[in-house]
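Features of the protein shown, as given by TrEMBL:
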type	residues	note
DOMAIN	62-97	domain 'EF-hand'
DOMAIN	98-128	domain 'EF-hand'
DOMAIN	129-164	domain 'EF-hand'
DOMAIN	165-200	domain 'EF-hand'
REPEAT	235-321	repeat 'Solcar'
REPEAT	329-414	repeat 'Solcar'
REPEAT	426-514	repeat 'Solcar'
Amino acid sequence: MMHQQGSFASPILGDVLCQCSSEEYRLSDPGGGISGSDAAVSARIAAAKDEPHMCVACGGPQQENRLKVLFQILDVNRDGGICVNDLTIGLKKLGLHRTEHELRKIVKAGDKDLDGQLDFEEFVHYLRDHEKKLRLVFKSLDKKNDGRIDSQEIMQSLRDLGVHISEQQAEKILKSMDKNGTMTIDWNEWRDYHLLHPADNIPEIILYWKHSTIFDVGESLMVPDEFTAEEKKTGMWWRHLVAGGGAGAVSRTCTAPLDRLKVLMQVHSSRVNTMCMASGFSQMIREGGIRSLWRGNGINVIKIAPESAIKFMAYEQIKRLIGSKQETLGILERLVAGSLAGAIAQSSIYPMEVLKTRLALGKTGQYSGIVNCAKHILQKEGVAAFYKGYIPNVLGIIPYAGIDLAVYETLKNSWLQRYATDSADPGVFVLLACGTMSSTCGQLASYPLALVRTRMQAQATLDGTPQMSMSSLFRHIVRTEGAMGLYRGLAPNFMKVIPAVSISYVVYEHLKTTLGVQSR
C-alpha cells in the first residue's frame, strides 16, 4: 500500500466521486485539472460535474450518473463489462497506474458471475464494499481521532505490524496521497487514492512478506511468521500453516534426491574418499535404483505437521511470557521467541530427524520402513540414540534463524523503502530472491553444526568409527580434512534452495486459494 508515483489522488477521480467527510456529505470540486486523459474523457467528466455527487458507501443521494461515467471511461471496448485490459487502459487515461496482478485482483473480487469482467452492477457493488473496508482502515490509522492521518500515525501503524520505516519514507507516502499540501490525509484523499486499488487492509503489506510459512527449503530452523489478531480470530492462521505444510511436503519430495545426496556426502565424503555430485547420484542409483533417491523422504514430510504446530504454539506462549503489548514483536524479540520455539519444537520431534538420517544412509532392504528402523535403533542402541547430535542441532538454530531473519528483514525493508512506489506487492521474483538469499546466508553460517549433527546421528552405522562428542568431532574433522571438511555436501544443499523455494511458493499459492485464505 506504499505508493509514490501514479498517485491515486487523481483530480478526475475526485470529480467523479463524492467528496464527503465522515460526518457530513457535501459537494466539492478538488480542482487540479484533468491530467492524463483524452478529450472524450474530459468531456464526460465535465458533463458529470453538473450532476449531484454520489458517495458509494455513505448516505448521500444515490445518483448513478457519476458512477456510470466512471464505468464508461473504464469500459474501453464498450461491451458493457470491464475486464483487466479495460482497467489497464482506462486507469492510464485517469493517470492511475496499477500492476496486472492488482488489476486481476480487482476483477476477481467483484466478478460474481465469474465471466471474467465486471458489469455495472458488479462494479458498483465492488466499489461500495471496498469503500466500507477503506473507511474502517482509515479509522484504525487515525489514532488521534481527528479525521486526518499524519506521518507519525503511519509510522506507528506499520511499526505495530513489524515494518519499520523512517519519517522521511512516511512523508513520501503522505505526499503521494496528499492533494492540498497539508502533509496530512483526510478521508477524501485516502478514499480517492485507494478506491480502485485491491488492498483494503494495512496488514496486507505483511501478508506479501510471509516468509517461513511460504518458503520451505527443508530446514527446520526458521523463526515462525507473525499472524495478526484478525488472522487468529478468523482462523486464517491454521489455513496458512496447512497451506505451508502442504507446500513443504511437495517441495521436499521434489528436492529429496539432492537432500539425500547431501547426507551421503556429509557422512561418507572425505579427502581419502572423494565424492562429487555425479558419483554420488551414480552410487545411489547403482545401489538401489531410481526409487532409492527418495529414501528417507517419508519421515521428512511426516515431521512437518507436528513441528509446525508445536513451533507455532510455543511461539505464541513465549510472546505472552515476553509480555509485549504489541500485536507483533520487534526483530530481536522475534529472534529470541523464534529460537526458543524452534528449540522446543526440535526437542519434540528430534527422534524423527535421527530416523530421517538413518533411513537416508540405509542400504536397500536394511529397513522395511520407518517403524522397523525405529525398532532397530531402540533394540541395538537404546533410547539415547534418538537424541544423538541434539546439541549441535539446537546450537545451529541461533546462527541460522538470526541471519535468515536479519537478512530477510533487511531486504524486505530496503525494498519497501526504495522500490515500493506503485504497490506493496513485491512480486514473485523479489519474494523468491529475498527468500533464497536469506536462507542461503543462514545455511552458510550454520552448516558446520549441521554437518556435525548428521555425522553424530550416523556414527553407529559406520563400522570401526569411534563414538565422538560434538567438540571431539569438530576437532577431528578440522585436523584430518581442514576447515573445508565442515562444508562437505554444501553444493547439493545450495542447489536445492532455488527449486525448493520456487516449488513451495507455487504450491502454497494454490493451496491457499483452495483453503479460502485471503489472496495476497
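Every residue number used here counts from 1 along the chain in the order it is shown.
Cβ coordinates are placed from backbone N, Cα and C, and glycine is handled just like the others.
DSSP assignment over the repeat 'Solcar' (426-514) gives 76 helix, 0 strand, 13 coil. Sorting the domain 'EF-hand' (129-164) by DSSP state (H, G, I as helix; E, B as strand; all else coil) yields 23 helix, 1 strand, 12 coil. Per-residue pLDDT, averaged across the domain 'EF-hand' (62-97), gives 80. Counting residues of the domain 'EF-hand' (62-97) by DSSP class, helix then strand then coil, yields 20 helix, 1 strand, 15 coil. Within the domain 'EF-hand' (98-128), the DSSP-based counts of helix, strand and coil residues read 20 helix, 1 strand, 10 coil.
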